[in-house]
Amino acid sequence: MNYKFEFRPYQRKFKRPLQTSHGTWEIREGIILRLTADNGKIGLGEIAPIGWFGSETFLEALDYCRNLPDVISDRTIFSLPPNLPACQFGLESAWESATLKTDFKSAFSEDQTPSSRSNYSGLLPGGEGALLGRQILWMQGYRTFKWKIGVLPFQREVRILQELAIALQQATGDHPVSLRLDANGGLSLAEAEAWLQICDQLGGILEYLEQPLPVTELEAMVGLLDRFSTPIALDESIATLPQMQSVYRQGWRGIYVIKPCIAGSPSELRQFCHLNKIDAVFSSVFETEVGRKVALKLAGEIQHSSQRALGFGVDHLLESEKFLEDLW
Ligand SMILES: O=C(O)CCC(=O)C1=CC=C[C@@H](O)[C@@H]1C(=O)O
Ligand SMILES: [Mg+2]
């Protein structure tokens, strides 16, 4: 089967630049794809790369799209090289929505009502903003929160964490409350040990410490698993499917933070997760609803009854997605 191939690059500003230990992220760039099958059925997909995180860069993805012909075949869609995982995700999900029965639009209910927000994790502002941010997200219905560390000096962040933990421990309610810390691979081994010592003292409120060490330090992170009670989650270490498979083969049985939009082929991701019972948390890459619907649908197919909140808190971080209505 052949498909007419169209693509539209986009840019969306973060309302508040995202601070991570990698640096500050101000603009999310991506590409919306449209495939039109011979029978007229249309499928949308999204390419939302994060070059510094482990996928191809936006420019590599744009270059790939520019070099595709106006009409492409199934063969092209299923034979992308593994170094273009965000393109693989975008093209294959557009193909799925143009060929499979599922009505793309109804694939996943998008609106996060306050009651449903307890299934999602809310991303707190970096630094001191986390304290007020937690109150705002709490009122919006979140009960799982994620805070990026390695942004401010250690002692300052420890003080904020202790205030945050007290506020969460005192917060009443019927839904379990948890806090995730994300170091984005920015800590040294000594800093990671210091953080884990503190986390262990906070008891149950700390769900996990995400990517404490750089991708090159898998062995050291496996070692940390045995020495501290706070769970550790890998994110950058397993950004793409080949990395996930390699880390699994090397024996990682901790938590996997999966970002479907940059992992690669959705069908191969489904297969990997069904073959290997992994403790998965699904996470956004600040994509638009086009990629988010596919990612959340995958999460639903894969993690069924997992209790772990989805890292897809409403993207109040980004400018409106209204531009999607006038793309074509
Ligand atoms: O996982 C979540 O809760 C939200 C998404 C998120 O935190 C991230 C998305 C993309 C890159 C990073 O800044 C960050 C992460 O490291 O998980
Ligand atoms: Mg992360």
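Quick reminder: no glycine exception, Cβ is built from N, Cα and C everywhere.
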Self-check item: Identity of the Mg(2+)-site residue among Asp70, Asp74, Asp235, Asp279 (reference: Asp182, Glu210, source: TrEMBL)
Solution: Asp235
Quiz item: For the recorded Mg(2+) site formed by Asp182, Glu210, Asp235, which further same-chain residues have Cβ atoms within 8 Å of the site's Cβ center?
Solution: Lys146, Arg180, Leu181, Ala183, Asn184, Leu209, Gln211, Ala233, Leu234, Glu236, Val257, Ser283
Quiz item: Counting across all protein chains shown, how many other Cβ atoms sit within 10 Å of the Cβ of Asp182 (Mg(2+) binding site)?
Solution: 26
Quiz item: In sequence order, which same-chain residues at least six apart have a C-beta under 8 angstroms from Lys259 (active site, proton acceptor)?
Solution: Ile50, Phe53, Asp235, Ala239, Phe282, Ser283, Ser284, Val285, Ala295
Quiz item: Rounded to the nearest angstrom, how far is the Cα of Asp182 (Mg(2+) binding site) from the Cα of Lys148 (active site, proton donor)?
Solution: 5
Quiz item: Quick one: mean pLDDT on the domain 'Mandelate racemase/muconate lactonizing enzyme C-terminal' (129-231)?
Solution: 94
Quiz item: Within the set Lys148, Asp182, Asp235, which recorded positions show a CB-to-ligand 1 distance under 6 A?
Solution: Asp182, Asp235
Quiz item: Counting each residue once, how many in the domain 'Mandelate racemase/muconate lactonizing enzyme C-terminal' (129-231) are helix, strand and coil under DSSP?
Solution: 58 helix, 15 strand, 30 coil
